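Asks: Sending over a structure as structure tokens; questions will come in a sec.
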Amino acid sequence: MPRVVLNGVTVDFPFQPYPCQQEYMTKVLECLQKKVNGILESPTGTGKTLCLLCSTLAWQQHLRDAVSSLKIAERVQGELFASRTLSSWGSAAAASGDSIECYTDIPKIIYASRTHSQLTQVIRELRNTAYRPKVCVLGSREQLCIHPEVKKQESNHMQISLCRKKVASRSCHFYNNVEAKFLEQDLATPILDIEDLVKNGSKQKMCPYYLSRNMKQQADIIFMPYNYLLDAKSRKAHSIDLKGTVVIFDEAHNVEKICEESASFDLTPRDVASGLEIINQVLEEQARVTQQGELQQEFIVDTSSSGLNMELEDIAKLKMILLRLEEAIDAVQLPGDDRGVTKPGSYIFELFAEAQITFQTKGCILESLDQIIQHLAGRTGVFTNTAGLQKLMDIIQIVFSVDPPEGSPGSLVGLGISHSYKVHIHPETSHRRAAKRSDAWSTTASRKQGKVLSYWCFSPSQSMRELVCQGVRTLILTSGTLAPLSSFALEMQIPFPVCLENPHIIDKNQLWVGIVPRGPDGVQLSSAYDKRFSEECLSSLGKALSNIARVVPHGLLVFFPSYPVMEKSLEFWQVQGLARKVEALKPLFVEPRNKGSFSEVIDAYYQQVASPASNGATFLAVCRGKASEGLDFSDMNGRGVIVTGLPYPPRMDPRVVLKMQFLDEMRGRSGVGGQCLSGQEWYQQQASRAVNQAIGRVIRHRHDYGAIFLCDHRFAYADARAQLPSWVRPYLKVYDNFGHVIRDVAQFFRVAQKTMPLPVPQAVTSSVSEGEIALKDATLSSYSLSTRKAMSLDVHVPSLRQKPIGLPAAGDSESSLCGEYEQQTFSAQQRPMGLLAALEYNEQKAGASEEQALGSSTPSLRCEKRLSTEQKGGRKKVRLVNHPEEPMAGTQAGRAKMFMVAVKQALSQANFDTFTQALQHYKSSDDFEALVASLTCLFAEDPKKHTLLKGFYQFVRPHHKQQFEDICFQLTGQRCGYQPGKRELESKLTLSEGVDRQLDPGQHLNQGQPHLSAHPTSKGHTSHCTKVGCAVEKPGQPAVSDYLSDVHKALGSASCNQLTAALRAYKQDDDLDKVVAVVAALTTAKPEHLPLLQRFGMFVRRHHKPQFLQTCADLMGLPTTGKDLELEGPRDESPTVPPELTHEDLKPGPSMSKKPEKTQSKISSFFRQRPDESVRSDDTTPKPMQLPPRLPHELMKPHRSKQ
């Protein structure tokens, strides 16, 4: 590799660096050698990541060589080098004037970026260099943990708590193997990223999370996300020592926002209520254990400890603190216009002091909260959601992050913090509450609107100064969009002696930039608030897009100011037919809101652009979104970028308003207005930086070329043009006529395609791991499955999506219990005409059962098969071949392959590996119980994956099919199509028979035989009528969903939530009296609700059914003979349970080990244990729980907080 000497340091570079790259590396070395901070801006595509790595590692190697030479000189006591001066051993040591002792430990390099995907790209660049340092990548347990039990935890903090428990008790064998295998050569040598760590950890059976932490001690360069550095809690959790280190923030335009967000919080009524519910649950459990003396039996969870080591009085005090905090927030008077009130930052200490949360008590409170979270770690179910408690812990740590000096009051600290913080209290709106609802208590009826407590930091200097105070040697901030550098440095409030604003490395014929103020119809293009949704603007923008798509080759990127603007535009274009015109030119791909679907969509876009038969593709995204940050759209993937407007922050958002006020106050207080940003300047800068990030997608390397379209008339203003990158402004041109835009762009691309070298052919770029790239091999027609699904606009745009009839509303609590039941689709099959049609009809009929099971989970697969048939003229062609290379999509093997693709898309890589291992084990051992246990963990907990469990029916062997269908119905409420009384066919005479015989027998579970099918039945479920009421199940809908829907209609949302909560509790504790008490209280108030009590029998477990029958007879005044009263539900040997109840719950527990004695239960016994219920019987009154004498009685009442 070429070598270049810069500032006395020899740098190995993969190629001869360009002048701007040499200048960039010179500035980096200047920062390192002088031990000063630097802000370095270099346009995207100039190779700043490569320059950063090569220059810093070259300096580190140079320093290491210098120190080694000095140590050799000392060892020989100066005999060999007595005449040499210190400066001759290297400028790095001499220039700084440090003694030899300062370099005993070579400074570590900490390289931080926004996301792990960006860090993966950086590590990929590192592998292309000549340097081979010791590398460490830090990640979270969510990314690195491979322990099955820990991975199943729903939240990150629960994973942390359970992991710590297992590590402390030495019960995690993956952790135990780390120390033994850490020093093995194959792990210490290579450069590992996150995916490599997980692969090696799984292979070596050791924990990747703690492996990376051990590697950190010996690493030369450590990679981590921003928040690990900027958040004091994360620094402490990962034991990051910054003293003497070199810290590099890549993509540093996000640092300001991350600094402010890491020091801010929003406390909602839901968070307080969640914490109170958990504390109340623990309080009741501890009181019960204290009374019964059964502490050891009730609370041992995976450890040898005796349980929660807290007194009842301490738990009660903790509950009282949260109640007082809630009361203090509610006591704040708000104006009647829902705007909220703003107070200085020091007010947070006054508010918390009312709840007895102070500098003196914070330690005890944090310790108590941590004990409860650790105690509940590993439990499952909705009532162990400790997210609220974890958030309270984080809030207390943020507020009291700076301890006052000894002997001084905490009020002095509060006065100092008030300059950077504001407290904002505002009412919680119903739409926010519905949008964030994810747990049982969030839908509890509230008569009084709750209030949100916000504590916002408006100065990034708060976190940055704290970072520098840790002893950082050099801090380097770099990005492609930092200008203006002076204002950026002022916001950080730390010195940056070294600054650089680099030009680009491209020539004039590689970039075209045009401001397009009007569309083809002459209508002014604007994304201003009053015009963005007007039909004239939307229509003109759509016409402009369709015209630009005609002249821009290959990939075209379109960036909108926000998701609502993009979705509204797409909705309008769909109605007006404009989207269809663009689709005909370049298929549309839409950036999804959720992170999980993004990799699928972007990979499909890459594949579409790379297809030789296509004209490219159009990718619709949003500024500040995932596509605008760090993704590679080089060469054909991004020949054009359209920016449809200026993405200003929401002007009326309280946080934006307060930020602008804060900057104006700071500017007035400083007295030097020209040196500080005003609020309006910051507001404009936020929009321009987002635009500049989007623009940076088009030019990614020296020989790349592309066009930039700024489609908003406000880009023509002088202040907006001045905010554009310096390397873009020389190419800028304002067009008054849209026709001239098309003319010039067409000419630009004609010249560029003739003069610029052809891009080097590369593999299809992917944003996911290598294991997930295998999905692209499952192409079923001219486009892959992922491409088909990604091109479905209604999948990613909610406004275009039709809501299925009969599904519960998104906010209903029963939806979380039932899951999402997809409706069955029935299509009338036409009578086959002709021989070919008859053959195709027979094949489709033979595989109807498996295809139905698969099709309900992946609608895109049905579309795929239909489109494939349409492209072939609506009739399947039959070709006789001897050795087909891969199965056809219509065969059994083809459907199996489609199912595996769907499973791999739905599961993570680790879970998919578990799935394949379960398949292999079932094939070799025929162990059906082990198979069901594995499938239950993978598919039963998430309602969205229920149809995948149903689709697995095609792989089940004949003698297990009926048993599998019963289990599937119990877990999901869906049947697989098994027909009792009909023998499963052992072979099929279909067109795919020859194909199946050629397949590798290892792909089949039935000893190499074809997959067996079962024909679906359309008769539906048998209904059971009784004297009380009769319920007829609707075809294709589970009985559970019908019942909960009827409860919701009859009793209301609050009562339905109460019933589902009791049902979940019954699932866990098997306490029939408790659940019947709730159901009876809800359904016996009115005679017309009594059938709901009788129908509840579908949930009652088998050993409880006689007792439940007797109870129903007593409550409804019916005869007590079992012949006269029957329970509704399936008449099988297994109890009917809601879909969320897993297969493990069907196994006998401690309370189910033997059949209970038959007792005569009265309604009074049900209410005796429910002091919080208001329903009373004629012959009894509720009795409160017996408490220890010293415990306040009112604290044992269940808290009904505002939600």
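Numbering starts at 1 and runs along the chain as it is shown here.
Backbone N, Cα and C define each Cβ position, glycine as well.
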Asks: With the ranges 864-870, 871-877, 1151-1157 to choose from, which does Swiss-Prot describe as motif 'Nuclear localization signal'?
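Replies: In Swiss-Prot, residues 871-877 carry the label motif 'Nuclear localization signal'.
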Asks: Ranges 34-37, 250-253, 462-465, 990-993: which does Swiss-Prot label motif 'DEAH box'?
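Replies: My reading of Swiss-Prot: the motif 'DEAH box' range is 250-253.
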Asks: Quick one: sort out which of 151-167, 423-439 is the motif 'Nuclear localization signal' according to Swiss-Prot.
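Replies: Checked against Swiss-Prot: motif 'Nuclear localization signal' maps to 151-167.
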Asks: State the residue range annotated as motif 'PIP-box' by Swiss-Prot; the candidates are 64-71, 680-687, 1160-1167.
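Replies: Checking Swiss-Prot against the ranges 64-71, 680-687, 1160-1167, the motif 'PIP-box' one is 1160-1167.
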Asks: Could you state the CA-to-CA distance between CYS145 ([4Fe-4S] cluster binding site) and SER42 (ATP binding site) to the nearest Å?
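Replies: Here the two Cα atoms are 37 Å apart.
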Asks: Within a 10 Å radius of its Cβ, which of these binding-site residues (SER42, THR44, THR46, THR49) has the fewest neighbouring Cβ atoms?
Replies: THR49
Asks: Taking CYS145, CYS172 as the binding-site residues to compare, which has the smallest set of other Cβ atoms within 10 Å?
Replies: CYS172
Asks: Which one is closest to THR49 (ATP binding site) in space, judged by CA to CA distance, out of the binding-site residues CYS163, CYS172, CYS207?
Replies: CYS207
Asks: About how far apart, in whole Å, are the alpha carbons (Cα) of THR44 (ATP binding site) and CYS207 ([4Fe-4S] cluster binding site)?
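Replies: One finds 37 Å between the Cα atoms of these residues.
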Asks: Whole-number Å distance between the CA of CYS172 ([4Fe-4S] cluster binding site) and the CA of LYS48 (ATP binding site)?
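Replies: Computed Cα spacing between CYS172 ([4Fe-4S] cluster binding site) and LYS48 (ATP binding site) is 42 Å.
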Asks: Round to a whole number and give the Cα-to-Cα distance in Å for the pair CYS163 ([4Fe-4S] cluster binding site) and LYS48 (ATP binding site).
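Replies: With distance taken Cα to Cα, LYS48 (ATP binding site) is 38 Å from CYS163 ([4Fe-4S] cluster binding site).
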Asks: Relative to the Cβ of GLY45 (ATP binding site), which residues of the same chain, six or more apart in sequence, are found under 8 Å away?
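Replies: Spatial neighbours, sequence-distant, of GLY45 (ATP binding site): HIS504, ILE505, ILE506, GLY696, ILE699, ARG700, HIS701, ARG702, ASP704.
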Asks: If you measure CYS207 ([4Fe-4S] cluster binding site) to GLY47 (ATP binding site) at Cα, how many Å is it?
Replies: 35
Asks: Using the structure shown, find which entry in CYS163, CYS207 (the binding-site residues) has the sparsest Cβ neighbourhood within 10 Å.
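Replies: Checked CYS163, CYS207; of these binding-site residues, fewest Cβ neighbours within 10 Å: CYS163.
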Asks: Including all protein chains shown, what's the count of other C-beta atoms within 10 A of the C-beta of GLY47 (ATP binding site)?
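Replies: A count of 23.
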Asks: Name the residues of the same chain, 6+ apart in sequence, whose Cβ is under 8 Å from the Cβ of LYS48 (ATP binding site)?
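Replies: Long-range Cβ contacts: TYR24, LEU40, SER42, ASP250, THR478, GLY480, ASN502.
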